[in-house]
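Peer 1: Before I ask anything, here is the structure I am working with.
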Amino acid sequence: MVDRNPSIFKTPPRSLQKRHSSSALSGASPFLTPSRIPSRNFRSSHKKPRMTPSPIVLRYPSSGCQTPLKSGGGGGGDRFIPTRRGMNMEFVRRNLLSEEKRTKGRNEDDEDAVEEKAKQSPAETPIQKEYKRRMMSSLCNIPLDVLDEDAMPRGLLSFNHSGSGVMNAMMDENNVPNGRSPWRTNRIRVEDPYQHDSLRVLQQFESLDDSFATAVRHSDIITRKIPSQPCRILDAPDLVDDYYLNLISWSDDNILAVALAHCVYLWNAGTGEIQHLATIEGEEDYVTSVAWCTVTGQSKYLAIGTNSNVVQLWDTHASKLVRTLRGHTGRVASIAWNQHWLSSGGRDSLIIQNDVRSANPIVARYRAHEQEVCGLKWNEDGTALASGGNENYLCIWDAKMSSRQRDSPFTSYVAPRLLLKQHKAAVKALDWCPFNRGLLASGGGTADRTIKLWNSNSGAMLKSIDTGSQVCSVLWSKHQRELCSSHGFSENQLILWKYGNRSSLTKVKELTGHTARILSLACSPDGSTVVSAAGDESLRFWNVFGSAPQTSRSVLPMGDLTFGMPTIR
């Protein structure tokens, strides 16, 4: 059959005829490929043909084919193919989203409100600016050397002839050694040109250079000046050198109670006055522990544990013995207050809960330890009690379990919620973290030498630090993320620790001066000063925690080291 479509019999345009004749003379095919449209290559019959060159050939990993070139081989390709080598879609997308947010904010707020917000917003610190630059470089595939301090590329739209602009640096690879553009220095070279548009994941912290990693680590380091010398030294003759005793306590009224052999003295940190409170009678008797009442408005009461197995409750304003609590069959080495409850731990391995308001004060008896209970500490909200013993046990008790034993406190005992046995020596040093609920710090004796951090809810040990010496006491700062520990042989030093991310402890400074082991620590009411009692019969006051953010006034009337040693009695 013959197709009668008259369009195929039409005479082709004169420009095509001329094209066919020139092609036939050169030996090329007289037919055009379907992709070639004459109107794109020829504007008029009397003009010279012009084609858009394509200097770059793109290859894909899935196919070995390439864009066809002009058959004559002399120059560019047959059509325009854009290159995405100079595009950075992540940065463009980020700028578009940021501009939308800024535009939306300007529409919602008037100019005065925007200016007021700008004034109230704090200025960025150098470490924050550097972190912002690193984030921009990693997320948007931008070399760090072309970002300014505000994390913006330098000369992003600069097309000058000197090639100083960023876009010129992106495209001009002939001026760079090895033929690589500085824009692509930190980028992963891929065959697929569309793969650069995928979002990238921030590299691990270890991949950052040493300078930035060091700056981040130093952000957790204490920048304030920590005095190396004590601001005050007091002589404490006859202070009993016994690891298991707790012989000092600092009240909310800024009064320090110190037990010296069979006597108890009170030292007013504001005025420097010294008062003799009590003397324990008996040749074999002496003071084994002291603790101030923590009930608001009742801080005048002081509990005194003795070697004669009793606890005495004293009114310090009247210098009068108010009550004597019995129940232990061994010396009372540790005492802790929880509102109107007084907890006492003895050498008989028992912990007794006393309600000082009741005629029959014993509320409950805790039993889990096998030897002397030398450490007791209630958490801040009074719901959990931590206890440490000479048999290396650390126990966590719930306060609500004590109320169940009110009817029969002498016939039944309360068991601990958690019994932790990871320590290898006696556990005396205990303190609850004030800024992280449920975090407990404990320290072990000579055979252990470690400070351990615990999750008191699950019993998991979060961190264990080998200090190299006996840990006698630990104390958290009230307004800093810091911990102070006291140690025995061989350095007899205090160590200040910085609490960081992932429950890390970084040693900040060591404070030396004592010539015997530091038995106990106590903190001032404002949280700035720590007092240490040591076996060398001295008390030293250290400004290790610094002043609270809202005040710079210390509880001590002096600020410099006092030469000479005034006695505590």
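FYI, residue positions are counted from 1 along the chain as it appears here.
A Cβ is built for glycine as well, from the same backbone N, Cα and C atoms used for every other residue.
Grabbed the feature section from TrEMBL, which reads as follows:
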COMPBIAS  91-107  compositional bias 'Basic and acidic residues'
DOMAIN    234-542  domain 'CDC20/Fizzy WD40'
REGION    1-130  region 'Disordered'
REPEAT    280-324  repeat 'WD'
REPEAT    366-407  repeat 'WD'
REPEAT    511-544  repeat 'WD'
Peer 1: Which sequence-distant residues neighbour the repeat 'WD' (511-544)? Criterion: at least 6 residues beyond either end, Cβ under 8 Å.
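Peer 2: Those are 226-239, 241-243, 245-254, 256, 258, 269, 470, 472-475, 477-479, 482, 484, 486-489, 491-496, 551, 553-556, 565, 568, in sequence order.
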Peer 1: Per DSSP, how many helix, strand and coil residues does the repeat 'WD' (366-407) have?
Peer 2: 6 helix, 19 strand, 17 coil
Peer 1: Suppose you look only at the domain 'CDC20/Fizzy WD40' (234-542); what would the mean pLDDT be?
Peer 2: 94
Peer 1: So, by DSSP, how many helix, strand and coil residues make up the repeat 'WD' (280-324)?
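Peer 2: Its residues divide into 0 helix, 22 strand, 23 coil.
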